[in-house]
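Trainee: According to Swiss-Prot, the protein carries these features:
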- 128-156: compositional bias 'Basic and acidic residues' (COMPBIAS)
- 128-352: region 'Disordered' (REGION)
- 165-186: compositional bias 'Basic and acidic residues' (COMPBIAS)
- 200-234: compositional bias 'Basic and acidic residues' (COMPBIAS)
- 291-312: compositional bias 'Basic and acidic residues' (COMPBIAS)
- 322-336: compositional bias 'Polar residues' (COMPBIAS)
- 343-352: compositional bias 'Polar residues' (COMPBIAS)
- 448-619: domain 'tr-type G' (DOMAIN)
- 457-464: region 'G1' (REGION)
- 457-464, 503-507, 557-560: GTP binding site (BINDING)
- 482-486: region 'G2' (REGION)
- 503-506: region 'G3' (REGION)
Amino acid sequence: MSDKKRINQIAKETGLSNTELVATAQSLGFEVKSHSSSVTAEQAEKIIQGVKTGTDTIVNLLKKLLKLKLRLVPETAKSKQEDHPRTFAGKAVVEDPAILARIKEKEEAKKAAKTEAEPIEEVITTEKPKVAEPVKKSEPKAAAKAEETKVEKVEAKANTVTPKAEVKTENVADKKEPVVTEEKKKSLTQKPRIQIKVIKRAEDIKKEQAAARPEKKKFDKNRNDRNNRNDNRRPNQNGNGQGHSQGGNHYDKNRPAGQGQNQGQKRDKFASSGSSSTSDTFTPAASGKNNRRDRDRKKTDSNRDNTKDGNRKGGPLRVNDNRNQVRNARNSNWNQKGGRGRYQNNQSSNVPATQRKFHELPESLEYEVGMNVQDIAKSIKREPAEIIKKLFMMGTMVNQNQSLDEDTIELILMDYGVTPLKKVEEDKSDIERLFVEDGYLNEDKMVERPAVVTIMGHVDHGKTTLLDRFRESRVTEGEAGGITQHIGAYQIKTNGKKITFLDTPGHEAFTSMRARGASVTDITILVVAADDGVMPQTIEAINHSKAAGVPIIVAINKLDKPGANPQRVTQELTEHGVFPVAWDPENGSEFVEISAKFNQNLEDLLDTVLLVAEVQELKADPSVRAIGTVVEARLDQGKGAIATLLVQQGTLHIQDPIVVGNTYGRVRTMTNDLGRRIKEAGPSTPIELTGLSDVPQAGDHFAVFEDEKAARAAGEERAKRAQLIKRQNTRRVNLDNLFDTLKEGQTKSVNIIIKADVQGSAEALAASLQKIEVEGVKVDIVHSAVGAISESDISLAAASNAIIIGFNVRPTGLAREQAAQEEVDIRLHSIIYKVIEEVETAMHGMLDPEFKEEIIGEAIVRETFNVSKVGTIAGFMVIRGKVTRDASVRVIREGVVIHDGAIASLKHFKDDVKEVGNAQEGGLMVEDFNDVEIDDTFEVYKMVEIERKK
């Protein structure tokens, strides 16, 4: 056995990782299960050689792949160059005859395509011959492509021609052709073909316009004469209302209203002439604007001539004439469908109204209960009026801002053919889900985090001294009597890696965290004094660690003491289920012998912690919003609520909105374990925080929210739920309600914690209780120890829902207060058979006495008075029964019980009284409750003892 080595020792000597050594050893067929397994020297050499050989093989393989890649790169590049030859000065640099033949075939194909296109050009261009020349052989490939693109663009223009292009082509046709170079001949020869066709159509339009003008002038002249004879006062009676509706144009003030009919006829002619081509569209606003202005000027001149022929003065008559035209134009606009705008264009009546853009309906829609019509219309891209109309046809009258129920929303969506999907509302106040789910974490951003280590052990076994040596500070000297007075969290750095330590007095925080489902500890260091051995709190620490499921590292301390015996400590620990790795390689614990006082083997202990942490592969994502657990909390008179937090995921920053347990706030200050202020804290970092609205409890979770509004809403919601749960919470198991709980099937075993004055009494009591036989029920001894009932016993009983039996011992003052707060049942006895009889009687449901609640009075709060240093006094009026000083009271607000407690004081006017009768006024204070408001109801009751039926 002396020549054997453990895997972790080989890793230290060679610098290789434990994982590689274990994997290589297993591949070689050696019996190796973990880094703690032992191998012979010969096997160790084979394992090291195997790891190095594997590494060299991988390196050689990579080198071969790199060489092969370098050989393949030139061939690939060469093939790409052959497929796409480079061109210099318009000539393709190609030497391969196959590629030359391919280029030749492409040029011949282009020639054939141009030859096929020539007959089309002859049909369109009847006046000019074809000028295009075939592509020469010496012409480069790029030039041929450019020529082909130009020809395609010109042919595309032949199909769609705008009226603006028609006017331009008329001017181009009249001019002489300029002298062009050979490069531009092809593009110029294509244009006249299209221009000749368009010019013919433009000439036809001009002839039609010229033919229509004389009739129009004659009609205008007769119309003006008739209007002047009627003195401009009679409405137009010529029966051409349609002409009015189309001819009323306020741009042309001197134009008669009856001209609209002829104008409409001309528009029809335009449409008929333009309909010869299916693809061309004529736009009157573009081509006839200038001509219309010329015609208007001629009309004005003709009106002046008419005035002279009538032998009347020009001034007044022109005014009347203009007024008549304006009046007729206004009348025509009344009949026009397009509206009566002042600058309405008469040609716009033929333009169709712009239709609303059509939006396709979504396949499905995720809706919320309470959505209104406007929200649904916006989601499915429809008008609210359309949805309101549908609902009206279904028999439901709503407006667009009215909230709809679930059935109505689904009915509307199904009517449109949209699948309704109810939105699952996420409970943002439930921060506990963040500790169970990890879907919000980014796997690519996960980094290694420091291990969180809890130091546990018996009193005065050297826990704080050990942590003091780790931190290289003098924490122990500052504590009263050398005993830890508070829970601390500290961080140290060793071998380039950080370790976070939790120092716990009596392990309350550890048990409290486990009771609330929090798991913050990764590793437990169990400190045992080599001279004292295993003590009661040592066994308690072992039970806590196993219940939490964290690995244990045993540190046998005080080797410098004369009576130190590490072998005896190891033997005693094995009796409680803690075995060394040498004895149990799979489930064993690491044992390290140290002396914290003389700094002996502390480096080995830290290396062991890092080794266990490496095996666990602890990782966290620092990029998300921070979550973590409360280690300690207290109320400071100057700073307010102060909480010691441990960040588990993400990064916590100053001014972050945060929810801690049932309270909320904004991070005001953050202090690290050295008392220095910091601006951010990453994973596994302990910090002390201020800025909370109330003091949280140890073990509560915290989470950072996106803004303060969301944090406030979540905190208030959590506080409301906690208060509701507290009211509805069933009573803890005690001897009074044990039988009822057993009948309801809520308990299959009775958990008991035994504390006695001597070890023999504790063992005898445990054996006697386990012999009690009740059908379907068994007694489970959670913990048995010697000494007074402490706070740690109360915490353990609260976590395991156990009953504490004290035999010849009493609870401490703090333990008694905590038991009342945690509602833990404590039974104190000095005779064993009475303990057995009481437990057996409780299990059979025959425990006396039994109490019944009796309501004796009811009162309503009329006024409240806040007295400094005293509290809130409620002035009340008794409406039924009476209020007595020795009774209990429930505070009811809006039908909900918000507090249940005793009456602290009772007064009638200024006198202290024992009771206040019906229809009388008085004042009272409720014990430990000051949130009394006007109109609250006091329900006064007493617990009356009754005899239990046997």
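A Cβ is built for glycine as well, from the same backbone N, Cα and C atoms used for every other residue.
Situate these features within the shown structure.
Mentor: The domain 'tr-type G' (448-619) scores a mean pLDDT of 78 in the predicted structure.
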Trainee: Work out the three-state DSSP category of LYS463 (GTP binding site).
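Mentor: It is helical.
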Trainee: For GLY457 (GTP binding site), which residues in the same chain are close in space, meaning a Cβ under 8 Å from its Cβ, but six or more apart along the sequence?
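Mentor: Within the chain, GLY457 (GTP binding site) has Cβ neighbours under 8 Å at LYS463, LEU526, VAL527, VAL528, GLN537, THR538, ALA541.
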Trainee: Can you check which residues sit near LEU559 (GTP binding site), meaning Cβ under 8 Å from its Cβ, same chain, 6 or more apart in sequence, and list them in order?
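Mentor: Looking at Cβ-Cβ distances below 8 Å from LEU559 (GTP binding site), excluding near sequence neighbours, one finds ALA530, PRO566, GLU593, ILE594, SER595, GLN600.
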Trainee: Could you tally the C-beta atoms, other than its own, that fall within 10 angstroms of the C-beta of ASP460 (GTP binding site)?
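Mentor: A 10 Å sphere around the Cβ of ASP460 (GTP binding site) contains 15 other Cβ atoms.
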